[in-house]
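Structure first, commentary second.
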Amino acid sequence: MPKLVEKTGSRPPWVGLAAAAWVQMSAGNGSTFPLYSAALKSVLGFNQQQITILGVACDLGENFGLLPGYASNKLAPWAMLLLGVSSCFLGYGVLWLSVSQIVHGLSFWLLFVALFFATNSTSWFGTASLVTNMRNFPMSRGPVAGLLKGYIGISGAAFTVLFSVLLHHSASNLLLFLTVGIPLICLAVMYFIRPCIPATGEDPSEPMYFAFLLGTSILLAAYLVVTTVVSEVYTLPSVLRYALVAVMVLFLFSPLAVPIKMTLFRSNAKSSSDNLAKEEGESTQEEPLLITSTSDSFIGSLFEGDDDMEILLAEGEGAVKKKRKPRRGEDFKIGQIFVKADFWLLWFAYFLGMGSGVTVSNNLAQIGFAFGIKDTTILLCLFSFFNFIGRLASGAISEHFVKSRTLPRTLWMGAAQLMMVFTFLLFAMAIDHTIYLATALIGIGMGFQFLSIATISELFGLRHFGINFNVILLGNPIGATIFSALLAGYIYDKEADKQGNSTCIGPDCFRVTFLVLAGVCGLGTLLTVILTVRIRPVYQALYASGSFRLQPQSAGH
């Protein structure tokens, strides 16, 4: 990719992280499908099977990130965001024209393609902001990934607040906001999401900054849940509705407090980025051709023998030109990860965990109806809130233990899937009022599966991180197709036919599905245990000093 000019100074990475919060909230637009799917069914006359297929299009668009992943090494972040804006505008524009009945007679498959392109903006937005910020904060990958993915998780609750408080439960108004509002937000902040001199973690205030961001995001999530419940229970005056939305916007601006504080109250210690820039300037004199770090040597001692060391020494002397394959912890290209057992263990663990979780999220309205809940808005908001908590907590918890005990993040993925096993059994038992607890636990378990993002950056490097992690994310739509559209949809329709109705009522509608998903998560738990044992030596090498040891990076990030 053409070399981008990196922004210097300690504040630009934090400004970019604050801007990324808005982009990530916009990237959660795919979670709005349950809010307008009823309008697609009623206005356009679709049946439940067609709505389910459109839900698959939504999942495919959200998670088909191979092209954005490849482009992350070729295009500047602003260019990727611009492509996402175009996809969002065109896709949701077609849906809005159809639902508002401005244009009539659009075919089902044209709407399928439009929904795919609309939700594919999620991949462009998410890849641009996540890859850029992971590279800007290489020493804090867990908190950064957890925070940014957390914003996507809570965006569903934010859109629900807008839908119920400001847009008066109008699907047409919501689609118009997605068509125009989301692109305007991303255009307004895209300049600030740019490569910066990476923060090396030397600023003693950095943990406090991340704690502040995590705290304000939790407050935002709690506020959104309370606002949704209040707006559903009470009829609010217009002034109060606008005030509630204004408070939500203020919460989204709160990450800017970090760079503002850095401007007004400068730290006595020199910023990490300034130190790094100075070191780079001093290192332009004489450097050896072969640069090795302590972690390189440690990793090498784990996986390489004396013969390999002799080859490396010969390469350094110019006698041998052979290029060795990367080792775990270094930069892998997309083709190189496909021959690694660790990659496939991680992929299948994510596929099983997310596939089972997304089956619940995609069918949450029908599950609520089957359990006798007529208004599932609160249930959807509850799931969104605890999914956010899972994404956020997973980053903070795994970061603590990876630095203090060198425990791989996959350990917590497995623990979450084990919890999901018991949660699906709780769903299957259909005990009165336990659906709320089970929904919250599934949301948390799904949130922990996003630890695969930080894990793949640690095992296979940051240089090709954009496309590598998007290959992992393909497990989501594949899981949705198999476990949701095929398994859950088939069993639901079969039980509904027994009742002689198109809508199934009772615990039998999903009982078999829940039992199968419990077994699926049990298999996922086993895979994460195997993977954790395999990659523990890599983490001991990378985090031996209590913090991540940066590998020498190639130009062109």
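Glycine is treated like the rest: Cβ placed from N, Cα and C.
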Of 50-71, 512-533, the range TrEMBL labels transmembrane segment: 512-533
Recorded stretch, among 109-132, 144-168, 174-197, 435-457, 469-492, maximising Cβ pairs under 8 Å relative to the transmembrane segment (242-260): 144-168
Cβ contacts the transmembrane segment (469-492)/the transmembrane segment (512-533), at least three under 8 Å, sequence gap 6 or more: yes
Same-chain residue ranges lying at least 6 outside the transmembrane segment (209-230) that approach it to Cβ under 8 Å: 14, 17, 140, 143, 147, 150-151, 154, 157-158, 160-161, 164-165, 236, 244, 247-248, 251-252, 254-255, 257-258, 377-378, 381-382, 385, 388-389, 392, 396
Contact yes or no, the transmembrane segment (144-168) and the transmembrane segment (364-389), 3+ Cβ pairs under 8 Å, gap 6+: yes
